[in-house]
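Remarks on the structure that follows.
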2 protein chains.
Amino acid sequence: MSWCVTASMCISRYLTGFLYFTSINFVLTFVAAILCVCFAPTAAGPGIPEIKAYLNGVDTPNMYGATTLIVKIIGSIGAVSAGLDLGKEGPLVHIGSCIASLLGQGGPDNYRIKWRWLRYFNNDRDRRDLITCGASSGVCAAFRAPVGGVLFALEEVATWWRSALLWRTFFSTAVVVVVLRAFIEICHSGKCGLFGEGGLIMFDVSNVTVSYHVMDVVLVVVIGIIGGVLGSLYNHLLHKILRLYNLINQKGRLHKLLLSLAVALFTSMCQYGLPFLVKCTPCDASLPGSVCPTNGRSGNFKQFNCPPGSYNDLATLLLTTNDDAVRNIFSTNTPQEYQPMSLLIFFVLYCILGLITFGIAVPSGLFLPIILMGSGYGRLLGIYIGPHTNIDQGLFAVLGAASLMAGSMRMTVSLCVIFLELTNNLLLLPITMIVLLIAKTVGDSFNPSIYEIILHLKGLPFMDANPEPWMRNLTVGELVDVKPSVVTLQGVEKVAKIVDVLKNTTHNGFPVMDDGVVPPVVGQANGATELHGLILRAHLIQALKKKWFFKERRKTENSEVIERFTWVELAEREGSIEGVIVTSEEMEMFVDLHPLTNTTPFTVLESMSVAKAMILFRQVGLRHLLVVPKYQASGVSPVIGILTRQDLLAHNILTVFPHLAKSKGREKRN
Amino acid sequence: MSWCVTASMCISRYLTGFLYFTSINFVLTFVAAILCVCFAPTAAGPGIPEIKAYLNGVDTPNMYGATTLIVKIIGSIGAVSAGLDLGKEGPLVHIGSCIASLLGQGGPDNYRIKWRWLRYFNNDRDRRDLITCGASSGVCAAFRAPVGGVLFALEEVATWWRSALLWRTFFSTAVVVVVLRAFIEICHSGKCGLFGEGGLIMFDVSNVTVSYHVMDVVLVVVIGIIGGVLGSLYNHLLHKILRLYNLINQKGRLHKLLLSLAVALFTSMCQYGLPFLVKCTPCDASLPGSVCPTNGRSGNFKQFNCPPGSYNDLATLLLTTNDDAVRNIFSTNTPQEYQPMSLLIFFVLYCILGLITFGIAVPSGLFLPIILMGSGYGRLLGIYIGPHTNIDQGLFAVLGAASLMAGSMRMTVSLCVIFLELTNNLLLLPITMIVLLIAKTVGDSFNPSIYEIILHLKGLPFMDANPEPWMRNLTVGELVDVKPSVVTLQGVEKVAKIVDVLKNTTHNGFPVMDDGVVPPVVGQANGATELHGLILRAHLIQALKKKWFFKERRKTENSEVIERFTWVELAEREGSIEGVIVTSEEMEMFVDLHPLTNTTPFTVLESMSVAKAMILFRQVGLRHLLVVPKYQASGVSPVIGILTRQDLLAHNILTVFPHLAKSKGREKRN
């Protein structure tokens, strides 16, 4: 766009540009939103909280299907290219997990390949491992940060961690980065558009020699504190806005769609309109003409509405891709490039956009909006403090971004490595570490991390790593006392009883007991009760579906079972009792539950504290925990209760034992 | 040393040099070895395996004392400056852990500060956390690699890992790196000798632009495979030599000392003598005279015995500190610097030294010897393959070092980050990742990692993360059946019984049971047996020492206990029954064990598989696991056995159930 001659010509040209810009963004957002609203509501948002919950043991339905995957890919492309204030990192993490899940189960639900070796992945642990690898590959692809990806999966996403998983995720990201490197090489000629810009290092700031003194550390501490405060403030406000959005979204699909489109319109208008408010800056005379102003390619110094030989600094930040905006604001050795006014407008605008964009019905990531906000205030700070220090303004922007990330997301090691891999400046490491730790500490004193807030908003029963202190004063015996009494089954049970139990309870596991057995050691104690194990609802349904009934009460051979039930069927977790038809004749028959029972359930004594039971539950990754009596006598049931995830959640316990909440404050450490 | 005029003058000057060199090294080694042999044998070696075992739950006596700390510091300085082929990383990790442990317990054993807040650290978990932080700080200090330090602690050292521990170790390394940075700044004037050489990045190779093609990946795979094979070969040979050294060392202190001194002599002789074997290389004419040859300072191109204007390339590698040797061999853009012959001599020499030095009685680290060996073969490979690729020879050395490290130590992520932080070349990341993963995979197919081999040699009962497949076919009931029957105590027990049990068993925990209690629910079952909990040997001894006896069988109030036993006494784990004197009158009295009993022990049913019991044992970090019956009847004991770490070790189980070993190969996955 060259400089126009008359004012009216200018205005009409700007209007044409505005219409093009806004309408293209509108259409792109519309495509992204309509796909998410109509086909895969789970594809909206980042998906990271749901993945975190899945790895903790909470499944969200339709999260890893083929539809979700396709919608997420197209939707993310649409939303990002519409210039909305959102990133592609969250969606890429989700995409990675979807692909991993689909590969592991042999394809989408309806067209699943049932090869024999696939059964190795057909258990919860391997499925979790695959999804963890997928998530780390996603981060790696988003930031071209292989080690950062591994650490992100470790620090933020995973609940259980094994040494083997560490190098498996590492392997996944190694493959990603090699493939990425190959693509960048192929695209070296520049035929792939913006792909490969920045090579493997997206926002290189390694050309600045970092030199700082002890006094600069004080400054770094200040940035960290501001980042922590702003980060927790952001979390707080986003929480409010997401609750408001939830109310709007509940009104129906149309409301969801309109909300997304309104945000898109507002974004486009601000991005196009606000640059007119700032003054043009003349180009630095020392720069060659090809560098400033920039037209028709990405880079600093956008000309936009300015006369030749000058540039519009706000347009440089707004009228570009988000990646380029970060690159421009991180740019080093350009102390005069931005006016404080432009940076202030930029910061305020992205604060507003960051808050209103996240909750709309398109695939959206949190990383980039926070980096943009943080770099805005960082660089602004740099302009005012810059003269008193020799830290470059671009590095101020980097530190600001890091501090806001840590203040909002509360990660440390993974963010540190991601920033290292993004900026390729190892000398920055010590001050980045300080900024991250301070921002995290400050933020933690106000509210939980953004992902925990979202998890709570979505109502996912996430199980925290550490039990609350008051949990030590409650025994599991007291906890099962207030629950309805446990439903147990006999080793060889009547069909009628099983159907009854399945229809009238929602439990997923039932203890199996045998009465009147003779224990091998103590001969005289005839009529002992034996706890045989735990049977899953899914397996009871399988037994009913297969009509695996006997006329008489009898035990079966193992071989009979292997004939009837394949590994695919036993790994199946879906299916409901409604779909099973049992005749009244069959109701009087028997099922031998012994072969289908898990004979090695984890148990705790009734005198065990809830805190320790919770540690066991989470560390070993359980779904059911049997409570056994501490008394040994005939007439006592060998199982007095069964605990599930819901029973051990702090929130649920407090609704039953409200007095414990009061003692919460008093004794933090016993 | 300038070029001498006549041959005899030369020889006498060389001899003088040799005598100085050897005798100084001899004295330094002598100091290091005599300290280790006489005052703190635990200070010898790296200390990392013992720390790893400690964090797994196996304590080595005298590992974290003040004496060990001082000996380790002085000894490590002596051994490293004696030019021995060993590093300072292992010792620094141990030093960090010692400092952490001493700070946590309030000082050395005899002069311990007993402030009230120190009791917060007086539990196993916090002590473990502190030692983990110390270990990561050690790696950070050794390599100036803060993130690498955190990851090393995570991947190699720690057994249990919590999110809180992640940012605590990160905080420790952040402090280390800031302090280090401040020292480097202070030493900028060059008054601190070699300290601060290389700044925060020790072996900077960032000046090379890495460009590689798909074909180069094949090459990288080859380096990885060679590294894996050599690494496992090194592990194998080191195992043999350590066993031989164990035999020598058992003969007494003098043998230990002589062995160390012999190795020191041999090292000095080789380092001084071998450079005479190679030809002098003329300096590259394009280099300024101040760069080549180097005299009187560290750097490439040592002149040694060569005429002016030329240098001895083997002397460049041998007659310098180990750090400088690595820097010299990693040096980039110097393709003609080293002759293949010199590199071959260097590689073979360091293979021999690396094998014979590690086991001697001085503080020694494994990292640097392996880096030296690996970089030797890497650069050698580079000379021959170099013409067919555009990877720099210095990078070949880096990749060779990485591959041998991974081949021997089997770490991936932490090594990757350590190499990144050592060399500051982010573009090298993809190929480093491939090399590490391949070397680890190849190595794993031959033998376990070097640390596991040392752990096994030292006889430390380390508990692995994964149970063996055959453990699923054994129940804990079968396991306790072959053990001597469990020793139980009554809730209110006779002193004589306690003394008897403590004297005649070596158990550390005893189940406490109450007979004839009336369970609250089932009224009719009179005479039930209640499992009250588990009491520790240390607490029984405390009760005896305090003479907390009663004439009659009675229960006590909680307040009585709090008066008598302080937290310091209850946290105490030492003390033996031999030191306790009980009169025959007191023998007839009673002790109420209820208040001292842990009422919430972890339990498993007798039908539980050993594999799952082991997972519980390790995940929750137990010392004792009670086995309860699956039968409920009067006359059955509520505890049928107790399992400890020793019972669950694969090796110990196989000695009792040898037939399980045979089924080992047949079914890898059930």
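In case you wondered, yes, glycine gets a Cβ from its N, Cα and C as well.
Feature annotation from TrEMBL assigns domain 'CBS' to A:597-663.
According to TrEMBL, the feature transmembrane segment maps to A:18-43 (among others). Residues 50, 60-63, 65, 67-68, 70-72, 74-79, 81-84, 94, 253, 256-257, 260-261, 263-265, 267-269, 271-273, 360-363 of the same chain lie 6+ residues outside the transmembrane segment (A:18-43) yet bring a C-beta within less than 8 angstroms of a C-beta in it.
Within the chain, the transmembrane segment (A:63-84) has long-range Cβ neighbours (under 8 A, six or more residues past its boundaries) at 24-26, 28-29, 31-33, 35-36, 39-40, 42-44, 47, 50-51, 54, 91-92, 94-95, 97-99, 101-102, 107-109, 131, 263-264, 267-268, 271, 321-322, 353, 357, 362-364. TrEMBL lists A:63-84 (among others) with the feature transmembrane segment.
The transmembrane segment annotation in TrEMBL covers A:165-184 (among others).
Look at TrEMBL and you will find A:217-237 (among others) tagged as transmembrane segment.
The transmembrane segment annotation in TrEMBL covers A:257-278 (among others). Panel annotation: around the transmembrane segment (A:257-278), residues 17-18, 21-22, 25-26, 29-30, 32-34, 37, 82-85, 245, 248-249, 304-305, 312-315, 318-319, 339, 341-342, 345, 349, 353, 356-357, 360-362 of the same chain, lying at least six beyond its termini, place a Cβ under 8 Å from a Cβ of the stretch.
The transmembrane segment annotation in TrEMBL covers A:343-373 (among others).
With a cut-off of 8 Å between Cβ atoms, the residues of this chain six or more beyond the transmembrane segment (A:426-443) that come close are 205, 209-210, 212, 216-217, 220-221, 223-225, 227-229, 231-232, 235, 395, 398-399, 402-408, 410-412, 415-416, 419-420, 449. The transmembrane segment feature in TrEMBL is assigned to A:426-443 (among others).
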What average pLDDT does the predicted model assign to the domain 'CBS' (A:597-663)?
86
Run through the domain 'CBS' (A:597-663) and tell me, per DSSP, how many residues are helix, strand and coil.
28 helix, 14 strand, 25 coil
